Amino acid sequence: MNFEKIIAQNKLKTNAVLTTYCVIFAFIGLLVDVIRINANDLGIALFKLITFQIFPTITVIMFLVAFVVIVVCIQNFSSIMLSGDEYKLIDPSKVLSSKENQIHGLLLELLEEAKLNFEPKLYIINAPYMNAFASGWNETNSLIALTSALIERLDRDELKAVIAHELSHIRHNDIRLTMCVGILSNIMLLVANFSVYFFMGNRKNSGANLAKMILLVLQIVLPFLTLILQMYLSRTREYMADSGAAFLMHDSKPMIRALQKISNDYKENDYKEIDTNSTRSAAYLFNAEMFSTHPSIKNRIQSLSRRAL
């Protein structure tokens, strides 16, 4: 199976997960609206709320809050991702070291190969661990960050494959997707938890009581459901980025070697006390946690090895 077909299949999976998120998000808001209007019949109330015969106030507020939070995150996300470490912008208009010139040159080669008309900002993070991540809401404010240890220990092709992987995340809008899903998840959990307690003591009609019971069940189920969906979504995007890197490189071997070196580095060293920025853990090229949003290195390498260019 070629890489373009793999990417297309994973996009379909992503759309299915994102649709599921939006449906659950709206359903929770509608349930709270059913309780708010003290409905006698759950089905009839949901129909009237969905068709705006009754205005779904809580549902609309939830979507507005999500929108505001997303806007705030867009403005500050890159600075949050870079926080906690000393970092340097590779500015081609200034004098660069030979290594910085090489990294910038690799990025330009990939941009030409992919026929892209934008250039992400390139950062070096001064850190002893080997990793990389991409950030930015869209192409115009995107960035790619590489740790100094990664730059020192990978050869030219491996480094280019890592940059290609992060560039693929930007091309596939993965950062935007991850941010939106994370925000929707948190708002869903907050509304499901607090609405149950807020309405618990009030006398309600049968439809409202049924909505309350469903919310009580969701209060237990949602944390596990959102975790599973987020892990599935993120792992799908990682496979896509790996495929995108191999496609741009016309070879999967450099990406495989890079993953092996990074994995071995984390096996030999414990960086938990050094790398304290938890916000960017989901965006890393490699995540060593047991319940990681990333597939295992073994599965990623097997997936890359099976695929034909």
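Residue numbering: from 1, along the chain as shown.
Heads up, the Cβ atoms here are built off N, Cα and C, so glycines get one too.
Database features (Swiss-Prot):
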- 15-35: transmembrane segment (TRANSMEM)
- 54-74: transmembrane segment (TRANSMEM)
- His165, His169, Glu238: Zn(2+) binding site (BINDING)
- Glu166: active site (ACT_SITE)
- 181-201: transmembrane segment (TRANSMEM)
- 213-233: transmembrane segment (TRANSMEM)
Folded-back contacts onto the transmembrane segment (15-35), same chain, C-beta under 8 angstroms, at least six residues removed:
42, 45-46, 49-50, 54, 56-63, 66, 177, 180-181, 184-185, 187-188, 191-192, 195, 199, 204, 207-208, 211-212, 214-215, 218, 222, 225, 229, 232-233, 236
Tally every other Cβ atom lying within 10 Å of the Cβ atom of Glu166 (active site).
29
Local Cβ density at His165 (Zn(2+) binding site) - other Cβ atoms counted within 10 Å
26
Whole-number Å value for how far Glu238 (Zn(2+) binding site) lies from Glu166 (active site) (Cα to Cα)
10
Cβ neighbour count within 10 Å of Glu238 (Zn(2+) binding site):
26
Using all protein chains in view, find how many other C-beta atoms are within 10 Å of the C-beta of His169 (Zn(2+) binding site).
27
